[in-house]
Amino acid sequence: MSETATPKNSLWFSILLGTLSATGPLAIDLYLPALPQMTTELQTTTSLAQLSITSCLIGLAIGQIIIGGLSDHFGRKNPLIIGFFLFGLASLAISFTSSITLLIILRFVQGICGASGQVLSRAVARDLFSGHKLTRFYAILNSINGVFPIIAPIIGGLMIHFMPWQGVFVLLGIIGFVLVVLIMVGLPETLPTEHRTVGNFWQSLKGMGSVFSIPHFATWTIATGLIYGALFSYISASSFIFEKTFHLSPQIFSLFYALNGLGMILGNNIPGWLTARYSDRTQVRGALIVTILASAGLLISATMKPQLMVVVALIWVFVIMNGMLLTLTTSIIMNLTDRHAGSASAMVGLSQNAFGSIASPLVGVLGTGYAPMAGLIMLTNLGALGLMGRKKKTT
């Protein structure tokens with residue numbers, strides 16, 4: 001596609017695409033401070049409350065498969081419009097429920113709809129960029145995306161201070177409808193008709209499996225899923241660690257969570273700074289080793305008297321490295337294919353959300369302290385490093 005075919009170098013385009021990619025995670029981050037309150041008011045258990053995170057993640061995973069295939073066949077823009085309109089409706093429906101079972105089901109629907117932003121922001125970027133330029137753009141995209149984990153818990157913490165937890169989902173509904181309008185007026189179609197898949201929708205879905213015939217695609221896809229699982233072991237445990245273990249208020253927890261969001265933004269940008277000097281694979285290996293060391297520090301800390309600032313510092317190191325790893329592995333995977341970007345992006349999302357949906361309830365089952373979280377972070381990153389050891393060809 002030509003440079004003039006789309007405003008790909010404009011700040012507005014980057015902000016819009018970054019916002020679209022953040023909507024799925026935003027549906028989780030915004031209500032994290034409300035999880036303990038929601039657990040109490042719905043008279044449910046911690047593990048069931050955390051299952052509302054899991055159901056959303058499963059929806060995000062399934063939604064990306066469906067929408068990724070649709071976008072390779074019908075283009076990127078219309079699936080985005082439909083997805084965010086339904087996201088708004090699902091969010092408003094959640095605000096009216098008083099049953100944890102119905103809430104979990106609606107969160108699944110919300111995840112399916114919100115998946116459009118995640119899968120298609122990656123696909124749109126791949127339509128326009130490749131190589132080091134794609135890595136740099138993903139760094140920008142993820143940095144914009146990373147702003148939302150900073151502000152979302154703060155907003156959520158303030159909201160539950162003045163209103164019940166349902167207000168969080170009303171806000172998510174409004175966000176969904178506003179984004180529909182912004183997509184309609186501000187996002188061009190980036191997949192020309194001649195580059196779209198032929199045949200019907202079901203043939204498009206069947207063709208998605210062809211991306212696994214690409215050398216190293218499956219290895220990197222599993223690795224990025226493990227890395228994302230580590231992130232969600234932290235996300236699902238964070239409010240309980242800070243509010244229950246260290247007895248902080250939801251508002252103070254939101255500030256610590258925002259600090260870690262800054263760490264993610266820093267990590268997102270590091271690959272763009274280093275890409276001219278170090279290969280993406282070299283950066284991945286280094287970030288995995290540092291993450292494993294940080295998780296070991298958390299495990300050692302868990303055997304002693306809890307020290308808030310030690311835990312905060314080690315988690316901050318982890319989120320910086322995690323930001324690096326997600327940017328790098330996504331860029332590596334998307335660079336492996338020059339066609340079927342929607343399908344490739346869907347596989348990235350499927351792997352990430354599948355592992356995230358496993359890690360989230362597993363932390364709740366193992367306990368609300370930070371030792372289970374640290375153990376899962378170590379195991380997932382060791383697994384990713386092991387996959388790196390299986391690769392002989394430098395990516």
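Indices start at 1 and increase along the chain as displayed.
The backbone N, Cα and C atoms fix where each Cβ goes, and this holds for glycine too.
For reference, TrEMBL has these:
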- 10-392: domain 'Major facilitator superfamily (MFS) profile' (DOMAIN)
- 12-28: transmembrane segment (TRANSMEM)
- 48-67: transmembrane segment (TRANSMEM)
- 79-98: transmembrane segment (TRANSMEM)
- 137-162: transmembrane segment (TRANSMEM)
- 168-187: transmembrane segment (TRANSMEM)
- 208-235: transmembrane segment (TRANSMEM)
- 255-274: transmembrane segment (TRANSMEM)
- 286-304: transmembrane segment (TRANSMEM)
- 310-334: transmembrane segment (TRANSMEM)
- 370-389: transmembrane segment (TRANSMEM)
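For the transmembrane segment (370-389), same-chain residues at least 6 beyond its ends with a Cβ under 8 Å from one of its own Cβ atoms are 219, 222-223, 226-227, 229-230, 233-234, 237, 241, 245, 281, 284-285, 288-289, 291-292, 294-296, 298-299, 301-302, 311, 318, 325, 355, 359, 362-363.
Outside the transmembrane segment (286-304) by six or more residues, the chain places 230, 267, 310-311, 314-315, 317-318, 321-322, 324-325, 328, 369-371, 373-375, 377-378, 381-382, 384-385, 388 with a CB less than 8 A from a CB of the stretch. Long-range contacts of the transmembrane segment (12-28) within its own chain (CB-CB distance under 8 A, at least 6 residues past either end) are made by residues 6, 53, 56-57, 60, 80, 84, 87, 91, 107, 110-111, 114-118, 120-122, 124-125, 137, 140-145, 147-149, 152, 172, 175-176, 179, 182-183, 186-187, 235. Taking every listed stretch (137-162, 168-187, 208-235) in turn, the largest tally of C-beta pairs under 8 A with the transmembrane segment (255-274) is reached by 137-162. By the count of Cβ pairs under 8 Å, the stretch nearest in packing to the transmembrane segment (137-162) among 48-67, 79-98, 168-187, 310-334 is 310-334. When each of 48-67, 168-187, 310-334 is scored by its Cβ pairs under 8 Å to the transmembrane segment (79-98), the top-ranked stretch turns out to be 168-187. The predicted model assigns the domain 'Major facilitator superfamily (MFS) profile' (10-392) a mean pLDDT of 88.
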